[in-house]
4 protein chains.
Amino acid sequence: MSLNTFGHLFRVTTWGESHGPALGATVDGCPPGVAVDEAFLQTFLDKRRPGQSKFTTQRKEADAVKILSGVFEGQTTGTPVQLMIENTDQRSKDYGDIAQTFRPGHADITYHQKYGIRDYRGGGRSSARETAARVAAGGLARAALRHLAPGLEIKGYMTRMGEVAIDRERIDWAEIDRNDFFLPDAKAVPDWEAYLQDIRKAQNSVGAEIEVVCRGAPAGLGAPVYGKLDTDLASAMMSINAVKGVEIGEGMAAARLKGTDNADEIFMGADGPEYSSNHAGGILGGISTGQDIVVRFAVKPTSSILTPRKSIRMDGSATEVVTKGRHDPCVGIRAVPVGEAMMACVILDHLLLHRGQVGDGPRGVIG
Amino acid sequence: MSLNTFGHLFRVTTWGESHGPALGATVDGCPPGVAVDEAFLQTFLDKRRPGQSKFTTQRKEADAVKILSGVFEGQTTGTPVQLMIENTDQRSKDYGDIAQTFRPGHADITYHQKYGIRDYRGGGRSSARETAARVAAGGLARAALRHLAPGLEIKGYMTRMGEVAIDRERIDWAEIDRNDFFLPDAKAVPDWEAYLQDIRKAQNSVGAEIEVVCRGAPAGLGAPVYGKLDTDLASAMMSINAVKGVEIGEGMAAARLKGTDNADEIFMGADGPEYSSNHAGGILGGISTGQDIVVRFAVKPTSSILTPRKSIRMDGSATEVVTKGRHDPCVGIRAVPVGEAMMACVILDHLLLHRGQVGDGPRGVIG
Amino acid sequence: MSLNTFGHLFRVTTWGESHGPALGATVDGCPPGVAVDEAFLQTFLDKRRPGQSKFTTQRKEADAVKILSGVFEGQTTGTPVQLMIENTDQRSKDYGDIAQTFRPGHADITYHQKYGIRDYRGGGRSSARETAARVAAGGLARAALRHLAPGLEIKGYMTRMGEVAIDRERIDWAEIDRNDFFLPDAKAVPDWEAYLQDIRKAQNSVGAEIEVVCRGAPAGLGAPVYGKLDTDLASAMMSINAVKGVEIGEGMAAARLKGTDNADEIFMGADGPEYSSNHAGGILGGISTGQDIVVRFAVKPTSSILTPRKSIRMDGSATEVVTKGRHDPCVGIRAVPVGEAMMACVILDHLLLHRGQVGDGPRGVIG
Amino acid sequence: MSLNTFGHLFRVTTWGESHGPALGATVDGCPPGVAVDEAFLQTFLDKRRPGQSKFTTQRKEADAVKILSGVFEGQTTGTPVQLMIENTDQRSKDYGDIAQTFRPGHADITYHQKYGIRDYRGGGRSSARETAARVAAGGLARAALRHLAPGLEIKGYMTRMGEVAIDRERIDWAEIDRNDFFLPDAKAVPDWEAYLQDIRKAQNSVGAEIEVVCRGAPAGLGAPVYGKLDTDLASAMMSINAVKGVEIGEGMAAARLKGTDNADEIFMGADGPEYSSNHAGGILGGISTGQDIVVRFAVKPTSSILTPRKSIRMDGSATEVVTKGRHDPCVGIRAVPVGEAMMACVILDHLLLHRGQVGDGPRGVIG
């Protein structure tokens, strides 16, 4: 079962609702001896935290993460790590009017149809607030990666928001944390700001595309054929709220390519095989090649908008919905640290899984 | 673990290599009392079978499936069903020259790097031949769905192959099984044929996009938040050989949309909620809405082409690879029945899972 | 993986250390619509709580359980239920002297050898305090059983403590909750009290045998062959701290029996099959028969005793250990509610699993 | 899910019925590079094979195991290993009379009640014939252990059969394979033979107790708290047909012990910690200590006996059952190689799991 859990050996179970007392992640399988503390995890939560800029919801949440178990004197012990985040600014009254109404594009109606009961406050379990728990778990995964795979880097950034997109020639990782959009290009920021201001003024919202790259992962990660690295990344990213598509390397564009264009040719470099290109996104047959691992995903526009949309109530009567709560005009922005967290968890998980299955000893050498 | 297994309650484990004595699927969790026989399963295998048209590999495989367990007097018993397909036309000699060479775009190099040993014959475990086992399991899933959800239909078809694409206005499911491309539009067939003939003459290959639709699934399937219906579909499709992208509903295009465009408005129909559109692809918050469930995936062009590509040998020396084996110029064609099989397995799995978690009794009614 | 998790569909993950800030259970897969609140769960925790009688540790823990998620307006919602118990009386100073010493019969040495780091305070994760989380989860399972299988009863009691044992002819469930030993026979209580007082005065401890019975479970529960009902019960009970043996029905005594003695003969009763006896403990081929499901387990004597035992320190030097902490002379007493909790979780899990696999509809009828 | 699968990383799924065309084990997660062939596996199957002595069923089965996948040029490749055993001597006619009758003590009635359909021939899936697949998988596990943990030995033997039991002072592993009872004491063989002949002449059957020991396993195996080494061994042994009890170390007798007797004292030896005794059976807190790992299990007497037993038919009418098929008077004998196989699988699984979680690097040293 993996209903609220993902991962093979590094297993993350998230729990909690948007407006309950708390939410969190129960992480089982973190290796022992990993140095970590709440302050380290908090740096990642702060990136995802609401209210950070004028482009994200003004809900005020400290999103302070507490480590309740599994860490002793600053190190993981190999036992489950409980990461809890208390909800503080719940303002349930904002949501009272949706108790009987299904918001279009939201999970209100399907949770009702499935379970016959739902915590309607802020979307309950279906709220993107759940991703705070993922980010906390991702921070723990990064701490473990720092320990097991020094030099490995994971970086996410926006590549598109509605009609604006990045220039791939200008990607500079150093810029990503210096602007409100996690944009890898300082020059693009003003255009993106203007574009999103227009969207907001029009009481509308907009979709986004995010790319997450893992640099420095060794060759050999991924467990064919149903625990392939790309399979697990697809699952991880598609599980994020509002995601509608996932791509590895060329992604959907591969349908348009010819074989002569697509195959990355192989050369022998000083430190092992090298490739002429990376159409594959760093994964062949579900196993990492040692190149950058590249995944992209698309986030739909926030369904909660100020423009009225037709819907029905629980009794079947017709109504119109205008969402007056505090919402992001582009939820894709805050999906960037979430995508990074999922990548960190998946990569760590496969490092551990590979070690278990194959070991640390000599494997297939080339040359 | 789900290394060679997928599914929660309907669990499919595939085994076998391209040129070993046999391959198959061990299916655990099929409900009892399902009428099924080898002839029924064979109809699906015949759709995927090589050598069916001039556009697929000329390898001659009967792909005859045998049921070795779990079926008694024409009905499943609730015990594991073993589905075995013997390999008959193995021609291992065709592959002798790749024992020491890594084919670009193939998993040869990563299997070697991961395991230090690989069955190089025909790609071994990484061969698309593994998908025959999925199709057999998918046939069993369809038999169970026929039993549990009469009226539910699953249909896959090609939507793009390189530069040719279908006209969405002309989709007609009745046409799909009448042409070599699983095209839902008879009129398009000649153009696709001509295009692929050109690709083949140019000793090249081409990618493809496949869409699979499930019609008639009830609302309520999907287990948030890491066993979402879309999450499991993404994982299922991405695990198919050569797949580089997966989309639900609007897919990657959602990144370009505005909230006013994207939200499917809700109305009350005679039999329950109805929607003005299906941007969501039939899934909200990971749970089915009762609309068509729509998934698309992109298959990269066959890496095995007659045009020379640069590569290296196991000793690190440089070489050029020209694949002389029997290969499909567009592997995407045969991916259609595979995509259908994965959809059937995922939908059945979630029907069972929902029944287990929530039961068959009254759930959330509307109106 | 099931490292800190058990169950197929009703999945319980426990977390937390004896002297950390809190411990708890993350329960995934509880059906929706189950009425439950903290007060109901607390009744079970109070049975296991330390300091209840002169025969259990005097550690003062309120063991107050909080529901942090998954319950809305008094009912489960189908989302994960987080059950947290804060540690309040930690007195870590009592344990400072064992930071460098391995207590004989304890997990101190193996945790150190496995992980290279351990939270030594009170045994950390290996403390029987972890079972409080199981009892909380068991309470939730009971609430769901009350909902799904009204009439089903689960009862645990002591059958042996060192040299004193119950008279099986005198078992009366009504007595169990009226004495400090969970004894099903009021007449036996004084002898047991006197016996345990002697043990304690001798600065010693003693083992125990507990029997747990589930009455009223339907026939058909259990998923052959590695999710058999008896297999899962064996695993559940053996996972409890200090348990060294598990028996179903006749248990180990079956090795001494002849076939003519052991087979429970079958008769047709008014409501279905009836049996002449229950040597099988209510399980045949891993599936429940509808009779009482009977499991027994043995708990070793508390290793923490006031009598000095030889041991070593982390540096390998020899030492003697006298445990001065607050410990139970017979940990078996408090294992009774834990055994009940495990039974409740396993039975509920198999009810859900059966429903998922086989459904609620008509199955094999007899007569 | 673990319905027909056990293991965390070394995952064994068995399939097949007693009288179907074949049965087998799909083994996923075997490490790559393990030397193994059919002849090696066959040595273990031959120990379990029927018709080996006058004390086991005279059914004639070659039990020839075939490797269908996952092994290439004499070595495992890291992909699933399919082990198939064809059924050859099925004699279904012997079982025709039980199609409508439930044999007391057998799973006929519970399979019918659960599934509403059953392959009644020879007990179908519930037949002890399923254990042949376990023995094949256990052989593969031994091959991997030979590779990963040279020096580790696993040995099973009978300790009791009805009223005869071994003298623990006379255990000699060298004798075990030299007699029909897997007895570790040559001197005891004649008495056991005479005893079992009497049982058989009386048209009866008898239970047995088997002990399995793993010598040479490293300290540190076992994953608290629900994947404890003893928990997984309990589950593994209880899943074997007809097993009613499982003990670790002192087992059920622990209930009678005092703390002063039970705690194994610790000393520092030349190569690490040593213990004064092994009441714990080599496991503390669910983790191996490095001592012998000792598990015992009880097998009930064969329910199929020539003495008439009362039962009912599917239509509810009363009948008497006399089993005329070919059956073992003591099924416990052939359970010895099965118990060894389960131990081998569990130990290998935990070696891999430990490597994945904790790694091969330096862990907690002592001294």
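Note: Cβ is positioned from N, Cα and C throughout, glycine not excepted.
Summarising the annotation, TrEMBL assigns NADP(+) binding site to D:R48, D:K54. If you look up TrEMBL, you'll see D:R125, D:S126, D:S127, D:N241, D:A242, D:G285, D:K300, D:P301, D:T302, D:S303, D:S304, D:R326 marked as FMN binding site.
Residue pair D:R125 (FMN binding site) / D:K54 (NADP(+) binding site) shows a Cα separation of 25 Å. Fewest other C-beta atoms within 10 angstroms, among the binding-site residues D:K54, D:R125, are seen around D:K54. Among the binding-site residues D:R48, D:K54, D:S127, D:T302, the ones whose Cβ sits under 8 Å from a Cβ of chain C are, in sequence order, D:T302. Of all the binding-site residues listed (D:R48, D:K300), D:R48 has the fewest other CB atoms within 10 A of its CB.
For D:S304 (FMN binding site) paired with D:K54 (NADP(+) binding site), the C-alpha to C-alpha distance reads 17 Å. Residues from the set of binding-site residues D:R48, D:S127, D:K300, D:T302, D:S304 situated with their C-beta under 8 Å of a chain A C-beta: none. Look at the binding-site residues D:S127, D:S304 and count other Cβ atoms within 10 Å of each Cβ; D:S127 has the fewest.
Closeness to chain B is evaluated for the binding-site residues D:R48, D:R125, D:K300 by Cβ distance, with values under 8 Å counted; counted residues in sequence order are D:R125. Using a 10 Å Cβ-Cβ cutoff, D:A242 (FMN binding site) registers 22 neighbours. Of the candidate binding-site residues, D:S127, D:K300, D:T302, the one lying closest to D:K54 (NADP(+) binding site) when CA atoms are compared is D:T302. Cα of D:A242 (FMN binding site) to Cα of D:R48 (NADP(+) binding site): a distance of 16 Å.
Looking only at Cα atoms, D:R48 (NADP(+) binding site) sits nearest to D:S127 among the binding-site residues D:S127, D:K300, D:T302.
Annotation for D:T302 (FMN binding site): spatial neighbours D:S205, D:A242, D:H327, D:D328, D:P329, D:C330, D:V331, criterion Cβ-Cβ under 8 Å with sequence separation of six or more.
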